[in-house]
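According to TrEMBL, the protein carries these features:
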- 30-77: region 'Disordered' (REGION)
- 52-77: compositional bias 'Polar residues' (COMPBIAS)
- 99-120: region 'Disordered' (REGION)
- 101-120: compositional bias 'Polar residues' (COMPBIAS)
- 153-532: domain 'Amino acid transporter transmembrane' (DOMAIN)
- 183-202: transmembrane segment (TRANSMEM)
- 223-248: transmembrane segment (TRANSMEM)
- 268-288: transmembrane segment (TRANSMEM)
- 295-317: transmembrane segment (TRANSMEM)
- 337-358: transmembrane segment (TRANSMEM)
- 370-394: transmembrane segment (TRANSMEM)
- 414-438: transmembrane segment (TRANSMEM)
- 450-471: transmembrane segment (TRANSMEM)
- 477-499: transmembrane segment (TRANSMEM)
- 511-533: transmembrane segment (TRANSMEM)
Amino acid sequence: IYMHIFIGGLSKMTGMKMDEDYGAADRRIEVETDDEDKQAERVCDSDDYDTESNSTVPSRNPSSNCVDSHSPSWPQSYRQSMDMLTSATPPSINFLRGGPSATSAYKRSQPSMPDQSSLTKPLISATNLDKDEVPTSILSTSELPPPPPQQCSYAQSVLNAINVLCGIGILTTPYALKEGGWLSLSLLFVLAIITCYTGILLKHCLDSSPGLHTYPDIGQAAFGIAGRIFVAAILYMELYSSCVEYLIMMSDNLSTLFPYVHLDFAGIHFNSYQICAITSALVILPTVWLRDLSLLSYVSVGGVVTLALVVLCLLWVGVVDQIGFHPSGTAFNLAQVPVTIGLFGFCYGGHSVFPNIYSSTKDKSRFPSILIISFALSWFLYTSVAIFGYLMFGDSIKSQFTLNMPTKFMASKVAAWTVVVAPLTKYALTLTPVALSLEELLPSAQAKSYGVSLFIRTVLLISTLVVALTVPYFGSVMALIGSLLVMLVTLILPCACYLSILHGRLTKFKIAVCIFTIAVGVVCSIVGTYSALASIADKRA
């Protein structure tokens, strides 16, 4: 306390000096003492939450929740790169030739410190304080906080959440309904409720400490560095798999528009799908090399509009072009329910970026209502498309309903081209976080190299092309992603992290609900993954 008073007095007497050195709008006091070291240790070592403490950081179990200051904390670029996928007012990120990499830009955006080794000690920080204010809390994190994100209004946050939830999964909902039967629509509703609940659990995890901003941060708070790395790896695998799905989707729809295209080269025959896949990859490649992704980020926010256009084309073909609606199908097909669960689960896989949306929301207390509205609208849209698509095409429905729409109709062509063009903006934004995470693992000199960045992005794109050519089954691949990865991200990990971080403050009922949700996620993941792999094996046989 005496030290704080002494520092406050010094700050007043040297106010003119600090204004000249740091600027009146951004003054920062850095003090390191043995007393502060002991205080920081008490913050990490205490198991009971002290409601009378002036510290804004709740005490937690040191073995699981106290951030290790000596850890590498990979990945550092996750928050900034994922913000490009979600923010209605996205940041501009420059990298590659002529501009700094996003990783280095992220590091330079941090407040400069005289000695970076001081990060291993607790800091008393005063950012944007008035002259009479004295810092009253210690930020016990292993890294400096990222620059303040651009704040979004309530409506913008809802739009961001819907934009994340309503993605390419909507194309498969009629197919999923055909596989599971009409009663499987109840699974779509139940999954919406459960995943919305786990999204709120992530919010509670973020609220447990001001140093938590992303999903990997939550993983580290819950299970240490191993948890951070595991969560990040799962999220990056999900992003990579989405890029594969983008290529398959583009190739399927292009080959429908140009079914007779083929090529024989050096004794190798390329069918329409293969030519369209290679062409799509070549068209996407320049977007992966872009120095500034801000334009793509702005355009990608229009994903909701793009989705609405495709749905409108579906209804137009059914009503105006007189395809009609023909009730058919079975009530329930238990044998194919695992496939349906994987496909429906993929539809609600937005948890990887929910923490980013939460961090950018102005009124964070309203985040639960943001999720409820977003999931409700998404469920309504998914259910409507599933019903209309299945009534229109019956048991002949394909993994993407756009493939069933007759190409002789203008609405069908508009829908197909919309599905082809939309991934041109999404692919680079989805692949960039993966590329940046790999660049972080390189020595600093190589990470800043244009050639290295170019090489990593090119190799990643080629690898997704190889996978898309090897496993060109959109529905089966999506079911595999939904069962293996999305169930982890949306059901298992949120509950596990919630139990670990807040274990001392939960009622038995909440603990039981989380354990039950984890059990459901594990069963769905195992059964769905096996079913999806069996489906892929049968198609390749």
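The backbone N, Cα and C atoms fix where each Cβ goes, glycine too.
Residues of the same chain lying 6 or more positions beyond the ends of the transmembrane segment (370-394) and with a Cβ under 8 Å from any Cβ of it are 154, 157-158, 161-162, 165-166, 169-170, 173-174, 176-178, 185, 188-189, 192-193, 195-196, 199-200, 203, 307, 311, 314-315, 317-318, 323-329, 344, 347-348, 354, 357, 361, 401, 404.
Sequence-remote contacts of a segment are chain residues at least 6 beyond its ends whose Cβ falls under 8 Å from one of its Cβ atoms, and for the transmembrane segment (511-533) they are 194, 197-198, 201, 336, 338-339, 341-342, 345, 476-477, 479-480, 482-484, 487-488, 490-492, 495-496, 498-499. If you look at the transmembrane segment (183-202) against the transmembrane segment (414-438), you find fewer than three C-beta pairs under 8 angstroms, all six or more positions apart, and that falls short of contact. Sequence-distant neighbours of the transmembrane segment (414-438) (same chain, 6+ residues past either end, Cβ-Cβ under 8 Å): 74-75, 77-78, 81-82, 84-85, 101-103, 171, 232, 236, 239-240, 242-243, 246-247, 249-250, 253-254, 256-257, 280, 283-284, 287-288, 290, 293, 296-297, 299-300, 303, 306, 309-310, 313-314, 317, 400, 402, 405, 407, 453, 456-457, 460-461, 464.
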